[in-house]
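Student: Pasting the feature list from TrEMBL:
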- B:12-31: transmembrane segment (TRANSMEM)
- B:51-78: transmembrane segment (TRANSMEM)
- B:90-110: transmembrane segment (TRANSMEM)
- B:130-148: transmembrane segment (TRANSMEM)
- B:185-206: transmembrane segment (TRANSMEM)
- B:213-234: transmembrane segment (TRANSMEM)
- B:240-261: transmembrane segment (TRANSMEM)
Amino acid sequence: MAALRYAGVSVGYDRTPVLTHVDLELRAGQRLILVGPNGAGKSTLIKSVLGLVPVLAGEATVLGESPAAARGRAGYVPQIDTLDADFPVSVRQVVMMGRYRRIGWWRPARPADRRAVAEALELVGLADRAGHRFGTLSGGQRQRVLLARAIAAEPRLLLLDEPFNGVDAVSQEAIVRVLRELSAAGTALVLSTHDLTVARELADLVCLVNGRQWAVGTPGETLTAGKLRSAYGGGLVLVAP
Amino acid sequence: MNWWDDALHRATAEVVLAGALAGLVGVQVVLRRLSFFTMALTHATFPGVVAASIIGVNILLGGVVAGGIVALGVAALTRRRGQDASAATGVLLSAGFALGATLVATQSGFSRDLSSFLVGSILTVGPQDLVTTAVALVVVALVLLAGARPLQLIAFDRAGAEAAGVPVARWDIVLLLTLEVVVVTMVPAVGTILAVSLIVAPAAAARLWTDRLWPMTALSVALAVGSGLAGLWVSSRWNVAAGASISLVATALLACSWLAARIRLLPARLAAA
């Protein structure tokens, strides 16, 4: 079963499409990278998979169901600047939020949940920061905490919105390593980025978008000068990798 | 003579209950940055309370209905993209107050009661008010406890909460209505207008002392109850209005906490310099 299948899909708000002509199929363990300029519709596409933005046309299947029916089953790592950095919450508590759906909203955490939290923090290399307040960490470390939170939920499909924005080299390396481990373990990954170097390095599939889907395929097929120029509208200056 | 027959005893019990109520909900108000919204809510509650007392129905009911309309109105406005919530909230704030003042002006001989709606009249609190406040305290505490995880997740990471399947809009409404119940319940103790300071100041002060949610909640309740008791004592000692002195004590506690936090940070700054 495909983790994600979009056929001729348009997504958008208030019946106004933001992104059209999306045709994708993602299997377990594959890494799909959404590439496109700001405002291209990458975040909107991710939100449509999460069931938060309506599918206006076409057929969308997420983990075998409609996006709305699958809501809550796919993992999500939001952009860090959408979070309240002043909130009084420790790193450990943030990662525990990933377990809430399994624990239930009212039951106390069990030893298995604490173990999952500790293991997720270990995986992203922040076990020593568990007791720190989330807001005291650097941008890259916060991003890793959010990744740990998503991992603690053990999703089969994980979506990350610009996980490398405002992230230092050490954290970026840690995130890339963890993402490789997750997909090796069978998790399907979707992430958006501006960074073509990361896209080339990490992607099984690249989806080039800007208002519509311009290309989908392996990095070699999609990240070509011609296709990038057509998607970016000619304003892109390519630097050799 | 029964202990409850003494007006000051009843007033003491009322400030303890109302303080606990304010301290509890105040944590949500401060963490969600709803202080300005709370201000509007209190002003919108005022005409509801006045109208209810003119018609002769329970003022609690009138206040909850009026505040509920405003709460849902602001919630609806903020859900429409491109709407400036603070503009809508600000207009509702003064419109609510104006409506209340107009309603009061239509009634002759109403002026004494006006101030009791605005700033409370704790010494006239009756057993019925105490029961109402106690029931509200239990209900609000249960709602906030039951909603602790979803409310925490929504406040910290709204997009993440939505993605995790939390019914965010429903919890927003629950929180706004809870806040409204607290404001209305506090009318006899501190009035509609002064309720804001007892809700916001203790929680904001508590936030300065701790980075953890549960200690912050406990401290917020303790500071609010303390403000209530100290304000009541100041009021009876120097014969000044109780609602006003409670608000001033709460404000003073916040100012002192802020100063203490600055001083605590000072050594680190000097070392860095």
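Quick reminder: no glycine exception, Cβ is built from N, Cα and C everywhere.
Note: TrEMBL annotation is automatic and uncurated.
Let's see these features in context: how buried, what's close, how far.
Tutor: Sequence-distant contacts of the transmembrane segment (B:185-206) (same chain, at least 6 residues past either end, Cβ-Cβ under 8 Å): 14-15, 18-19, 21-23, 25-27, 29-30, 35, 38-39, 42-43, 45-46, 49, 59-60, 63, 115-122, 124-125, 129, 132-133, 136, 179, 215-217, 219-221, 223-224, 227-228, 242-244, 246-247, 250-251, 253-254, 256-258.
Distant neighbours of the transmembrane segment (B:213-234): 8, 11-12, 15-16, 18-20, 22-24, 26-27, 122, 152, 189, 198-199, 201-203, 205-207, 240, 242, 245-250, 253; these residues of the same chain sit at least 6 beyond its ends, with a Cβ under 8 Å from one of its Cβ atoms.
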Student: Would you say the transmembrane segment (B:51-78) and the transmembrane segment (B:90-110) are touching, if the rule is that at least three C-beta pairs must lie under 8 angstroms and be 6 or more residues apart?
Tutor: yes
Student: Can you tell me which parts of the same chain pack against the transmembrane segment (B:130-148), counting only residues 6+ beyond its ends and a CB-CB cutoff under 8 A?
Tutor: 4, 10, 13-14, 17-18, 20-21, 24-25, 28, 60, 171, 174-175, 178, 181-182, 185-186, 188-189
